[in-house]
């Protein structure tokens with residue numbers, strides 16, 4: 001195919017832009033978004049389910065960016081790690097896992113200790129507190145001392161939920177008769193993913209440098225921070241009790257989502273680590289709940305699921321070029337997660353990374369790097385060499401997580417303006433744009449009591465098809481509607497149909513494009529008397 005003849009299909013992911021009709025706390029409705037409003041009124045559109053069983057999560061579990069992008073790229077419902085791990089604990093199979101049996105035996109013989117590091121949260125996005133409870137039960141049954149290094153959430157949960165969660169954890173430890181919460185650290189420090197190494201360093205040092213601790217309960221310490229208006233996400237690394245990670249110990253990082261667990265893991269295990277000066281702990285067994293990065297020298301409890309015939313793979317095997325573009329905060333999502341947990345690009349897949357602004361929180365700069373992402377995408381689209389472009393706008397989600405309503409409105413308005421520019425560029429080359437979101441967030445900024453809601457939601461997400469003049473979808477006659485009842489798993493098959501590529505049997509989602517004959521039938525006059 002001549003490069004000049006390519007009319008691209010562009011998938012635009014509005015991260016965290018959910019759909020909700022109630023106006024209270026709804027930044028999406030409060031924002032001036034003439035582009036999206038016009039598209040919704042003019043072009044084929046529908047709502048998609050992006051949470052719970054529709055994306056491989058437990059019923060009622062809110063969606064998230066990792067799961068959303070994985071489902072979009074896989075074109076099928078993929079059982080998520082949250083479910084896999086919970087099932088292993090519930091059935092007891094986790095306790096017979098050969099890796100854990102061997103580590104328990106060695107620690108028992110050599111007098112080593114367990115350290116459980118992870119996000120102590122019921123959010124279910126990066127971890128789940130029930131998984132920690134399962135690991136603590138394992139340690140107690142084996143008679144091995146256990147130290148919990150609790151990372152506090154406040155981003156996928158309410159900002160001050162941590163005290164309640166940690167109080168419940170302390171009761172669980174009392175019931176088990178073993179284990180102690182040794183350290184606290186807000187995810188702002190322990191789960192940075194933007195190479196702000198000074199944050200990671202503070203978390204690492206509290207984990208590896210011992211001290212007497214403050215001798216107070218975790219819940220009491222959390223309440224003191226709340227009194228200073230420091231919420232869960234921003235809890236400074238704090239030692240509660242002696243129990244630093246030492247030589248001969250074993251660490252289990254129980255986060256199942258990789259992106260925000262990598263930097264801290266690298267500090268523990270990489271011999272050539274250069275993020276900051278650190279003391280490397282020798283003879284340390286380091287286990288991650290899932291595979292964070294295939295290059296990390298760690299042991300993995302739950303190996304990756306082998307997904308075949310993903311959207312990017314099908315496009316690549318058809319000999320077509322594709323582009324993935326996002327700013328730092330969502331770059332892993334349009335690459336690693338969209339490709340089913342594969343870091344390596346497919347042949348013909350190019351990637352553009354735009355640096356996210358270096359600010360403490362994104363409400364300080366709601367525009368983030370959306371303009372730069374748009375500029376680079378427009379340049380790439382104008383070259384007419386990419387059959388598929390996958391682009392993410394991070395603003396609605398990342399600013400929505402701050403709980404700042406006015407800033408989130410600005411973020412949405414920024415994305416709307418950028419989307420208008422992007423669409424004009426796609427139209428210029430006769431391309432087609434499919435606009436979706438991966439989960440809800442910005443449409444719910446406070447709860448029924450008026451408290452800030454910084455987590456995701458279970459709300460459906462919009463999906464809009466903007467068909468290019470020079471691209472007529474095969475078999476659709478250029479007159480297309482989008483069916484209702486769809487999920488994120490249906491987006492991949494939809495894109496393949498627009499591209500004119502066959503859908504592999506592994507993709508069990510169904511195209512959202514309604515059959516042309518159904519559309520025609522719908523326009524027939526109703527019989528008299530009905």
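Cβ from N, Cα, C; glycine included.
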### Task
Write down the one residue from 309, 456 that Swiss-Prot lists together with 397, 401 as binding Mn(2+) 1.
456
### Query
Taking 65, 86, 369, 387 as the options, which does Swiss-Prot list with 15, 438, 439 at the Mn(2+) 2 site?
65
### Task
By CA-CA distance, flag whichever of 15, 156, 193, 258, 439 among the binding-site residues is nearest to residue 401 (Mn(2+) 1 binding site).
156
### Task
Compute the C-alpha separation of residue 156 (substrate binding site) from residue 397 (Mn(2+) 1 binding site), stating it in Å without decimals.
11
## Note on the structure
Three-class DSSP assignment, residue 258 (substrate binding site), comes back as coil
### Summary
One of the binding-site residues 126, 193, 258, 397, 456 has its Cα closest to the Cα of residue 15 (Mn(2+) 2 binding site), namely 397
### Secondary structure at residue 438 (Mn(2+) 2 binding site), reduced by DSSP to three states
coil
### Task
Looking only at C-alpha atoms, tell me how far residue 456 (Mn(2+) 1 binding site) is from residue 439 (Mn(2+) 2 binding site), rounded to the nearest Å.
7
### Query
When you average the Cβ positions of 397, 401, 456 for the Mn(2+) 1 site, which other residues in that chain have a Cβ within 8 Å of that mean position?
15, 16, 64, 65, 155, 156, 396, 398, 400, 439, 441, 442, 454, 455
#### Entry: Of 126, 439, 456 (the binding-site residues), the residue whose Cβ has the fewest other Cβ atoms within 10 Å
126
